[in-house]
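*Asks:* First, the structure itself, so that you have it in front of you.
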């Protein structure tokens, strides 16, 4: 602990409070880089409110010494950069000095790296500016400012000749141009003619530099106006809001791009007489819809004036005419309208938003199969193509749905239904999956037409599924069925638990075997169906199993009788008890007989296994 205390050193250095902010600026990360470079040290700057110069450095002795040298070097560099001078400048010249016309101040500041700080509204001193930078740069900028101020103190008067018809530009929009020029050019006085006094002279009075800059600005504005013209563009009043756009954005964009002024006519109340006279005039001229009668009848409300250069006016007129909306009609079957409109109009809103058009689905008393699209020509064309694609896709979907809903019914003997259906519907499910159809069988006792099977789906698929069913039916018709009686004592052994044994026989010989239902012990006959050779092989195998189980049960009964002895008199077992014993002893055999075993079935040793058939129930 003592050794660690000896290694730690603490040093205080003096740095002016004005430099603390620049040194501790998080963007420059000067302190962080010093701490990483010199090792684990702690640098503490006093609070800015206290105004203290002491900076505390604490850490290992070697690291503290390195940090001390670095901080003093940085403070010296920052001090040379933060040289500042306050220059008195009247507030009316601040805007002029800040503008691009304020002499060479901007070029000198960019060249030297100095900055001029103008006072804000919160500063108490509004009559001075501060120049910050290196000492040399500050002095160069200060000299330039002093020269400009001397020129500004010399009040001069100059004039420029402007056509009186353009003098109104100074007072347009509540004199915005005049106010901006007075504020920007050091409070110069600009006088021009007013109503009743026609003179081309515009007088500018103020500081020499400000007057020259203001005169140059006025020339740039009004010289092009001498060559300007005024043209008229005729557009029906109902399209004026569309041309203006949201918050007049479209018309303002045209005015800016073409450098013209556009004036809309004042809104007038529509008069019935004028409209009727215009219609009569049109009829007298042969019913031709020309522009002249329309413009004459509604010249005040239809005419927009465009002022500017000839080329610019022509360009603006073309731009306005391109904004006049057009209307296109699309043939849409009435039954497709709900799909086009969408849920709560979502489909139409999507089209309107995407292409910026207006869509009208139907008109009262009109053709209900027409949808009207109104908007810019390019947008209308795109919206029309999109709508036609939607209609085509919907029509194809409707046609496809109609084809898929096609139904066909044909007759099939009910005795074959179960065989066509297959075990748990596996056969008919394969047909439905392969041909993409649905097959309906009549319900027993519900549908009077028990021989009618209905297939629904596309027409081609229905024909394919029907052919597959008929092909299966022909195979079934070629099969033979034979019924063989079985001893009721061994019937359960042949069937097996849950029909497991009988299913193995069916798979082995590719036949269908119908066994008696539960509870019908008196009727122990089974029905074997399939090809003639397979049926015969299966019957032979089943009868062999029957003989085997009967012989096993008989031997077990004799062995039990021998074990009891000759003097033992046993009661004659009942018929049901004998059946249970036979079944019990038959199940207790070491292994069941197999058709491939030559000992169990010697006559089947060289018999060829049956060929598999492609159908099964």
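Each Cβ is built from the backbone N, Cα and C atoms, and glycine gets one as well.
Computed from a predicted structure; not experimentally measured.
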*Asks:* Among 109-160, 161-212, 213-264, 265-316, indicate the range for which TrEMBL gives the feature region 'Disordered'.
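*Replies:* So the range that TrEMBL calls region 'Disordered' is 265-316.
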*Asks:* Among 516-566, 567-617, where does TrEMBL put the label region 'Disordered'?
*Replies:* 567-617
*Asks:* Tally the residues of the domain 'K Homology' (404-474) by DSSP class, grouping H, G and I as helix, E and B as strand, and everything else as coil.
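*Replies:* Within the domain 'K Homology' (404-474) the tally stands at 38 helix, 15 strand, 18 coil.
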